[in-house]
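Lifted from TrEMBL, the feature list:
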| type | residues | note |
| --- | --- | --- |
| SIGNAL | 1-24 | signal peptide |
| DOMAIN | 4-136 | domain 'Ig-like' |
| DOMAIN | 144-247 | domain 'Ig-like' |
| DOMAIN | 254-338 | domain 'Ig-like' |
| DOMAIN | 343-422 | domain 'Ig-like' |
| DOMAIN | 429-513 | domain 'Ig-like' |
| TRANSMEM | 552-575 | transmembrane segment |
Amino acid sequence: MALPDTAPLLVGLLLLFHAFGAWAIVEVNMEDKVEVMAGETAQITCMFTTDEGLGGTTIQWFYVLPNKERQRIYNKEPMHEAAEQNTLFTHRISLNVNGTAAVLAIRDVGVRDNLEFICVIKTLTPEEAEGRTQLQVFKSPTFPTIEAVETGISVNEEAPSKIGSCRVKNGYPKPHITWYRNNMPLRNTPREVVVTSSTTIESSGLFSVQSELTMKVKKEDKDAVFYCEVIYFVPGATKMTESQHINITVYYLPTEVTIWVESPKGKIKEGDTLELRCDNNGNYPSSITTIKHQNSEYSVENKTMVRTNVKRLDGGVYECTFEETDNFEVISRSTKVSVNYLESAVIMPKDSIAVMEGEELKASCNALSSLQTSTTWFKNEKLVSKGNTLSVKSATLETAGMYKCVVTVPEMEGMKTSSTLQVNVKGSPQILGPDVQEVETYETTVNLTCSATGFPAPTIMWTTSDGKNLNALQTETEDGAQSVVTFKITPNVKVFCNASNDFGSKVVEFNIKTIVHTTPTTTTTTSTNTITYDTVQTPTKSPNIKKESKGFVIAIIIIAIFLLAILGSVLYFLYKKGRICGRSGKQDFSKRKSSKDNIVVEMKSDNTEEAILLGVNGEKQQPNDQ
């Protein structure tokens, strides 16, 4: 580049200053370091002062190579400026001079740009000055990843065991990893805690760090929480991040074994399903747990034993044994199980008892049980006595029957047993009902029933007042016998029921009356008409020994229908004659006079529905005159 016309003048001035020994004063001030995150733009400022001003000032930028040599990256002269070609910063730098501040901007910095930069200020005189700034580039690492060992760790291991590993990638400067157990940092301790770290420099110049924790575990570590903490640097600060928390499986031998009844809760009775559980405070995978019934040698290799429909013999001592096969260690514990029982109720005398009428009745009921019992007696579902003994001072025929003894265990629901006793009272028979029984019927035959109580069961015989014996069907009942006879009604003949056994007899008389129902003929005469009812005899059927019958009701209905038919005919007649209000006819019935010629008689036959109206003189009236 050609110098301008003022160049000779400047050269002359420099010679003049040199001749008189007047040198310019140059000073440079720079920061010791500039910090910036990777990928951002770094700005390095060079503050300078000179007596000559900017017109004769040259600004040069260098960076220091690893061998301590300088590499110029930018040159600014009074008439020319440019970035040096074929350097690391050729296309990424620019210079901005504002007064006495020269700012070098470096775009898209990376960790390889962690270099020392030099700013040199020169004047027309030989005087020059320089300043240095260290550029520090930071890169935050990735979030730390942590992995725990998949297998369990035994507390019996002599050497420290691996707990897990923690890794962080692509950070600058190199991140630091610290291990924590339950929020407490872990440091290297001989034969207890060992932390091993390794660092990898990636092709990008970034650091990746991996740390492995090994330690001797204790039983308490089964609930411990492990994690790693990563410390890294950013411009003007230090940051920290934590990994996820992990747990480890710790195997340890038990110091205690426990066995208990899981169900049922509370007391156990025969018929229940018994479930026993066994556990210990260890967790070795190579252990064997056995539950054994000492009385029967029944056992299962499991932590649970289930026995259905247990009996009293299933009670006794159950032992749980824990055996660790690797360490040959055995621990056991036992428990006693009681199975409560209630045997079947036993009544004495057994099955049935017979006592004479008026004598004392006594019976006892007992059931063997492991618990306190309660006994009650029932007859016909009604409570008759409490306690083991049933006692009746003076037995009667009403005392006879089926008695039920119920034995329960009040403190355990569902424990219940029962038995029955048939009580028979010896005595002469008694027939239910009065000695003379009146029977009314519309039928020609009647069914008669005779029920008798007594023990032995009475024999029932049927006879009539004319000396005949009747055949009948007899059945035994709970407290005696019952007989039913079908009797063809004969006038003035009575029927007798005779019940007898070894202790006497009883007779009941049946008086039978036959009811014949008839409807009388009724004739009604008024000033205008006469109504005649025919006599109708209505035989009906009714149940035995009942005063009311269905046939009687049917007869009443038929009569009512018949009366309604006659009433309808009369109303129709009056309607035709205009005697009913609202009838429009040729005659005014209010002016008509009654006479004998107006009296008519309606005759109705059972064989025809036609009604004939006759005058007093016997002439037939035409329909239009009715």
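Any Cβ shown, glycine's included, is placed from N, Cα and C.
Residue counts for the domain 'Ig-like' (254-338) by DSSP state, with H, G and I taken as helix and E and B as strand, are 3 helix, 48 strand, 34 coil. Residue counts of the domain 'Ig-like' (343-422) by helix, strand and coil are 3 helix, 45 strand, 32 coil (DSSP-based). Per-residue confidence over the domain 'Ig-like' (343-422) averages 93 (mean pLDDT, predicted model).
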